[in-house]
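> Input: one structure, supplied below.
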């Protein structure tokens, strides 16, 4: 059977599944679609990735957000075979030897989680391994990273989820893949199965000691590998980012990727108002969700610092009178005094803040579904912007702060909407489309990783991240912006990633962080034009085709 026949056969099976599940709950349909894709992944990796690449707009919501959240919640029931590596706190002292059990000689991209904050779903423990697997599928499909050179990793340091602690049926895990042919005699960890840790999460220095050892082990074997931290509890996301970013080539997508996509969207919102990007300094931004604000502090540096932001947490507006503030959040605290004119107070509600400030942008990072209710959205109608922007960035879909239907109904048809998870566009009263832009980190993290990899960056700097965000913001045409489109179609993701990757690589060269890769010296990269750099990055992307068994002469 030819490749084309195999491809067509799978697509027909997928469409049959769609037909046969009509009328079923969305969660049932999504998991059924994930299962059929996962079975293809297990038996034919080349065909799997070709299917993803050709149909990425349809399949990204299945392998990535929002379905991956459902997968993680149900992972013990869906588990069929191990994928990736698992390190537990009990492996401390052995990680350096364990890392050499992985059969691939070279690993370019690692995504690691500790399962402590899976999307907006909280602590899912080892069941969070679905996140690194899904992220790396996106790296392969969007950035063309060779699937033989990616590695999903779970750091098992326990869980504080009482249901999981009591669940006796939660799947066991294994330290590495089962199908390796390497002699068991010399690699005793390969076939050793072990249960997840049934204990509360480690904290403090005990926790950091485990992550330290893991990072040292990875760097010792694969010093050029990019490590992406994913879905760590926010206190550890910031701690590990500051701890490792200058020592290793790593980044945290929840902190830096989210900030970059938000920045690209904010710049698009300025353009939607018909104003030059220089007017970003005049934008007023109300943010709900203080826990993720430190990751966006670089956005403020493009404007008038932190004076552009009004930040709220579960206790309301944060001001300088708030006690025991995290230093990273304290920089955003409003200092109400003679210079302030909004007549607001510590703990003011979201509705109060929106009515007084009349912000250009309402940015949701809260993980609280529906927090942008009708009253809040109607208050946004009085925004000082001719095109009020509402960003509901929390994932998965059930945790989104509002829906596009709510925005266009209550704010007005002139509003601009973006969300972290996918929604359908809305038909407006005049027959036009109200665009449900997906402000997904998928637009940036593949290009960040690819650009850092191809440039041989020693670490990933703020300048490289800014270059990625600005590249994404410039991708959209003025005509699209006028229609309310802030982000390009996911169907163009490989071209977007090539552009973003080139921008990241050039920024690494400009900052003297690039050490090059085997086939390209950083001096050659520096001499390339922008278009030549994009072409080079595109040529380096892996594409799934069957390798010939016999070389034709």
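Here, residue 1 is simply the first one shown, and the rest follow in order.
For all residues, glycine too, the Cβ spot is worked out from N, Cα and C.
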> For the (S)-malate site that TrEMBL assigns to 117, 440, which of the candidates 55, 74, 146, 395 is also assigned?
395
> Among 212, 254, which is the one TrEMBL gives for the divalent metal cation site where 230, 231 also bind?
254
> Could you tell me the C-alpha distance between residue 117 ((S)-malate binding site) and residue 254 (divalent metal cation binding site) in angstrom, no decimals?
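The separation of the Cα atoms works out to 10 Å.
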> What's the CA to CA span in angstrom from residue 231 (divalent metal cation binding site) over to residue 64 (active site, proton donor)?
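The Cα atom of residue 231 (divalent metal cation binding site) is 13 Å away from the Cα atom of residue 64 (active site, proton donor).
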> At the level of the C-alpha atoms, what whole-angstrom distance separates residue 440 ((S)-malate binding site) and residue 64 (active site, proton donor)?
10
> List the recorded positions among 64, 230, 254, 395 whose C-alpha is within 10 Å of the C-alpha of residue 135 (active site, proton acceptor), in sequence order, or say none.
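So the list reads 64, 230.
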> I need the CA-to-CA distance for residue 230 (divalent metal cation binding site) versus residue 64 (active site, proton donor), whole Å please.
13
